[in-house]
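For reference, the structure is listed below as structure tokens.
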Amino acid sequence: MSSTTLAREIHISAVGMAQPQANIKQHHQLPISTRHLTTTSGDYDTSNPPEVRKYLRTYGMVPPAVESHEQQMQRCLNILALKSSNIEKWQYLTQLRATNVHLFYRLLAQNVKQITPLIYTPTVGEACQRWSELYTQPEGLYLSYSDRGHLYSILQNWPHNVDITVLTDGSRILGLGDLGVGGMGIPVGKLALYTACAGIRPEGTLPLCLDLGTNNKALREDPLYMGSRREKVSPQEEKEFLDELMAALTERWPGIVIQFEDFKNPFPALERYKDTYTMFNDDVQGTGSVITAGIISAVKLAGIPVRDHKAIFLGAGSAGVGVAKQIVEFFIKEGLTEDEARRKFWFVDSQGLVTNDRGGRLAEHKVYFSRDDNEGRQITSLEELIDYVKPTILMGLSTIGGAFNAEILQRMAQLNDRPIIFPLSNPSSKSECTFEEAVKHTDGRCLFASGSPFPTLEHAGKSLTPGQGNNMYVFPGIGLGAILSKAVSVTQDMIYASAVGLATSLNESETQQGWLYPDIRRIREVSVSVTRHVIRAAQDGGVDRELAIRHLDDAQLDQYIKERMYDPFREGEKIQDEVNQLFATVSGGATAAPIELVSARASCHL
Ligand SMILES: NC(=O)c1ccc[n+]([C@@H]2O[C@H](COP(=O)([O-])OP(=O)(O)OC[C@H]3O[C@@H](n4cnc5c(N)ncnc54)[C@H](O)[C@@H]3O)[C@@H](O)[C@H]2O)c1
Ligand SMILES: O=C(O)C[C@H](O)C(=O)O
Ligand SMILES: [Mg+2]
């Protein structure tokens, strides 16, 4: 509950009660932590008119001018322009979210293209690396391994009603490795996007960082490091901890959606919990969905039948395998058998081509795509593999910045009219190539998407816009769809549906320009489409519990979704309505008018 909501509830509950003072007293008696955490909403918003300031008891505590949203946002943009580095901009935006959450989201919604890279990839990568150095204020919950046995009671410290949590153990943050509790930046950043892109109310989001130790020795030895200085717990210990956590989260907030993020090995938890909790893993499933949507568009633009595509994946981790598995699903829907679809993929990891006979034990998640047709040949260079396979698609999920060098890109351009090049590693420094390099070495012919944003550029007199194949296009809608349908689990069909929702949300102009993804500035509209597809899949699969929305047609369902999306531009209006109602009650001579409002009116001659 935000401070505004809290204050409002108390003030509103005062209406019609015999002893309003008792309620006001109750407000003052709230535990200190609750009061602290609830003073961040829009109480000090300079767009509040005088009567709202009096209602909130913030009158006199902000400068007298009543500002328009535009004026407020212009000031924020001016302040951002004064900051010389992205991390300083990130710090300013963090502070803004903590002190005026609605203004923060107005700014983000209005300037999504410009602000997203400052609160999410790439800047969030540096924020995570420097978390303990820059730490200023609480923004979520930290749960340590030594807290086991008490997780439920710690969750009770969180004062809000939670709809969705993003949790990480910090063990694989973007392509930056194990950052321990510095990983907290990722849940904070992703949840900001849940709110900005899909309108999940800010106080319904819980960033959660699991402090289960870190294998990053430099961090453990850093005097400022704010996590436990121990090595990462064993997989068995992690499993037991997560078992307790999943039960505690669901008991504390029945219906909560739990999103796992940036775990070094996400597969055991995904397998263990996917059918029993409303959970998903964004790196495996969200990435799979967003890239499948991009591939659906790219395959059309490349003009080659699905059957003739072949893909090389550099990187065979959670994201790589998650992406390939969902493209397999797409290929099957396009008429291939599962075996034909699976054989369209060649995976390369740090040891080279993933094959059955290369020696050593193959990680379980790689087995499905491991090749058995290499006739004893072990290929360790990407260049050699490209000559051997002659792929139409080159994906990068390897964390190796610059791995798609000039020769590789040129070779892809020799082999294909429209080579599909997706360097997806984050942040930008880990991208397998830049947009500029891809355009230069393929003579502007590539169909391109990267994980982190790159600027538009001019080539041969044409303006070329890169696709951003980032899971931010889908996870907000997957989360909102699961919340609104009250899904008992997040099924594979719901995930696949999110890809279809995204792929079908390009408008005519975007399709004509050959874009793979819609304009990010339309993200809220896109999220409605993704959410509707996710809800439909939940209904078709019978995992929904919100039966009242089953009968809605698509237009009605879209309307239902939109009405439930938090809109930071309307928060002021809502509170103004409440004040108007309250004044009407007072003027109407009700006996139980809140005493402080009456005195505010009297002393201020309203
Ligand atoms: N675009 C997106 O939305 C998105 C989503 C999820 C993950 N990612 C990015 O994908 C990357 C990988 O994530 P992950 O979860 O799969 O990580 P991971 O650690 O599970 O996998 C990394 C893989 O890269 C391989 N690799 C490492 N060095 C290599 C080398 N020199 N040559 C070839 N392969 C090498 C590893 O063997 C491993 O298979 C990260 O940078 C992450 O930021 C992007
Ligand atoms: O966080 C992102 O930007 C995407 C993805 O989840 C990643 O791990 O890189
Ligand atoms: Mg991630």
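Counting starts with 1 at the first residue shown.
In case you wondered, yes, glycine gets a Cβ from its N, Cα and C as well.
Per TrEMBL, the divalent metal cation site holds GLU261, ASP262; the candidate it also names there, chosen from ASP222, ASP243, ASP283, is ASP283. Proximity to ligand 1 (Cβ under 6 Å from any of its atoms) holds for these recorded positions out of TYR120, LYS190, GLU261, ASP262, ASP283: ASP283. Checking the recorded positions (TYR120, ARG172, ASN426, ASN470) against GLU261 (divalent metal cation binding site) with a 10 Å Cα-Cα cut-off leaves ARG172. For ligand 3, there are no nearby recorded positions; that is, of TYR120, ARG172, LYS190, ASN426, ASN470, none has a C-beta under 6 Å from one of its atoms. Among the recorded positions ARG172, LYS190, ASP283, ASN426, ASN470, the ones whose Cβ sits under 6 Å from an atom of ligand 2 are, in sequence order, ASP283, ASN426, ASN470. Around the Cβ of ASN426 ((S)-malate binding site), the same chain contributes THR121, PRO122, GLY125, LEU174, GLY175, GLY451, SER452, ASN470, each under 8 angstroms and 6 or more positions distant in sequence. ASP262 (divalent metal cation binding site) has ARG172 nearby among the recorded positions TYR120, ARG172, LYS190, counting only those with a Cα within 10 angstroms of its own Cα. In the three-state DSSP scheme, TYR120 (active site, proton donor) is classed as coil.
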